Amino acid sequence: MGYARKVGWVTAGLVIGAGACYCIYRLTRGRKQNKEKMAEGGSGDVDDAGDCSGARYNDWSDDDDDSNESKSIVWYPPWARIGTEAGTRARARARARATRARRAVQKRASPNSDDTVLSPQELQKVLCLVEMSEKPYILEAALIALGNNAAYAFNRDIIRDLGGLPIVAKILNTRDPIVKEKALIVLNNLSVNAENQRRLKVYMNQVCDDTITSRLNSSVQLAGLRLLTNMTVTNEYQHMLANSISDFFRLFSAGNEETKLQVLKLLLNLAENPAMTRELLRAQVPSSLGSLFNKKENKEVILKLLVIFENINDNFKWEENEPTQNQFGEGSLFFFLKEFQVCADKVLGIESHHDFLVKVKVGKFMAKLAEHMFPKSQE
């Protein structure tokens, strides 16, 4: 009797163990299938969109079939982060799958593909995701989709009419650098539109402050500089950056080559506007600015900087403004250009540059500066 009871207990234990193993198998299998579906652009069992109608991740399209409309949605699973900074968030246990998913996502997210163009209804759902979700990887995916669509002129008006500008601008308050960069890219694409620029001007001061205080040479800083450059293509909003010009010169001196070129594009927009000439001349410039004129510096950096100086020199009448020169402080760009001999020594230092265009630009700049600053001494 005791032996039969032992056999019964063993049998019961085996049955319970087998059942538990099966449950664990089904659970892990279900998770794996959900991940594979999301990697293929399908739907997962995630719900983070709040109460917004149609903003569920498995409800991008009104149809349940595999139509072209549903294929046009770009889905970025949590382990398929795009960009160099996103690698820190990749899941170690899914590294191989993440690589495959990332390639598939990047292919589908190509701006050259018509599959990424969303309808107004789909754009509304994406905006609803941006507004309601708090998860970084969901925000990043939605912002990438918006950025791709904002590259098309006809979508810029649609996104604005759907209330997308303040929704995306609100993301600028996030501390996540990846999400913040994607939001700046969306706003940059939208800012090509004149009406969008008029509405985005209220965020310029915030973008300017964030750009200056961001980590040097970071993706967020570069994205902010690109947006500010777009916003200053016309003269209408350039005055809003007047108090930050000194900071831009500081970024120019301290930044790497990519940052230097982006700052120069922004300063060139300002230098072409005669109304901004005094603000540029008032700006404090680092003492290291002159050291940029050397043969080792990038040719494009030298040429753009010389063009900026030429524009300022052309727009500012040195003789007419001589009585007001005391309004420029020591260390300003005005005194950098006023000290002709020092500036000449710096520029003459690259006259032996092997590039012919650099030599021509240097000669042109020196002649103009001498003519405008010392007209009487040349008579």
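Cβ coordinates come from backbone N, Cα and C, glycine included.
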Annotated region 'Disordered' segment (source Swiss-Prot; candidates 95-116, 315-336): 95-116
89-98, 129-138, 159-168, 239-248 - the range that Swiss-Prot marks as region 'Nuclear localization signal': 89-98
Record feature phosphoserine (Swiss-Prot), assigned residue among S72, S218, S287: S72
Record feature phosphoserine (Swiss-Prot), assigned residue among S61, S291: S61
Feature phosphoserine, as given in Swiss-Prot - residue among S67, S214: S67
Per Swiss-Prot record, range annotated region 'Mitochondrion outer membrane (MOM)-targeting sequence' [choices 1-6, 259-264, 361-366]: 1-6
PLDDT averaged over the residues of the region 'Nuclear localization signal' (89-98): 42
